[in-house]
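Per TrEMBL, the feature ATP binding site maps to Gly72, Ser73, Gly74, Lys75, Gly76, Thr77, Arg192, Ala237. Here TrEMBL flags 92-122 as region 'NMPbind'. If you look up TrEMBL, you'll see Arg98, Arg120, Ile121, Val122, Gly151, Phe152, Pro153, Arg154, Arg198, Arg209 marked as ribonucleoside 5'-phosphate binding site. As annotated by TrEMBL, CMP binding site applies to Asn158. The annotation region 'LID' is assigned in TrEMBL to 191-201.
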Amino acid sequence: MTSVLARSTTATLLLHPIKQCWSATLIGGKQCIRPSVLPPTSIRKSVPVCPFGTKFTVMGKPKVVFVLGPPGSGKGTQCEKIVKEFGYTHLSAGDLLREERNREGSEYGALIEDNIKNGRIVPVEITCALLENAMNKTIEATGNDRFLIDGFPRNEDNLQGWTKKMADKVDQQFVLFFECSEQQCTERCLKRGESSGRSDDNAESLKKRFNTYINDTVAIIKHYEELQLVKKIDASAGPDVVFEHVKALFGEQK
């Protein structure tokens, strides 16, 4: 009968860095300690208590909160505040796509740019791959397994692709939905466009983005409402006022 007991460290076994832990096995009535290898890509969660006073790990799924709302509703601003207050890692689907678009040698760069500029949604396979890769890198580097995924899923194809590829790999907590009028959101985005340098912060692109939001994303929010997973926030006020409501909501999740 084997249980993971002690430390996670770096070993030179097989001549490359791997994660190693120690297993306790009863042999002939005595407890023997032996190393066992955990794959580096495994999703692990640190546990602070151990019989020997050191950390040990158990398998766990990353916790995910989807953050949705119309363009300019303040998703990114509120995510920054949630990260500082509650320790989540913020993953913006749009930012990841823009980074991939700008990455030298990317085979998807032109496709991503064409979709973003015209207010269309990038194929879900690309977005899911970027999100999964970002989560794995974060967990490996920091051990943090709580994520805000901003601006995803945005349509039925996104939802189906995520469900097929990622649903069994994560713990879906809830959907944080920021509600704001089109007029106010448009004004915010145009103001942001004066300094953001984003190719989609202009009147023409915004109209297309809002059409996409109304025609595609609203249905996703309704889907999650039927599952009683949506937490709705009025985003029409200033960012600090909005965050007071966000804090109360996240405080309930502890």
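Each residue, glycine too, has its Cβ placed from N, Cα and C.
TrEMBL labels come from automatic prediction, so no person has curated them.
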Annotated ribonucleoside 5'-phosphate contacts Arg98, Arg120, Ile121, Val122, Gly151, Phe152, Pro153, Arg154, Arg198, Arg209, maximal Cα-Cα distance (Å, integer): 21
Segment-level pLDDT (mean, integer) for the region 'NMPbind' (92-122): 89
Residue among the binding-site residues Lys75, Arg98, Arg192, Arg198 whose Cβ has the most other Cβ atoms within 10 Å: Lys75
Largest CA-to-CA spread of ATP binders Gly72, Ser73, Gly74, Lys75, Gly76, Thr77, Arg192, Ala237, angstrom: 17
Summary of DSSP states over the region 'LID' (191-201), given as helix, strand and coil counts: 6 helix, 0 strand, 5 coil
Cα separation, Ile121 (ribonucleoside 5'-phosphate binding site) to Ala237 (ATP binding site) (Å, whole number): 28
Candidates Arg98, Gly151, Pro153, Asn158, Arg198 (binding-site residues) - the one closest to Ser73 (ATP binding site) by CA: Gly151
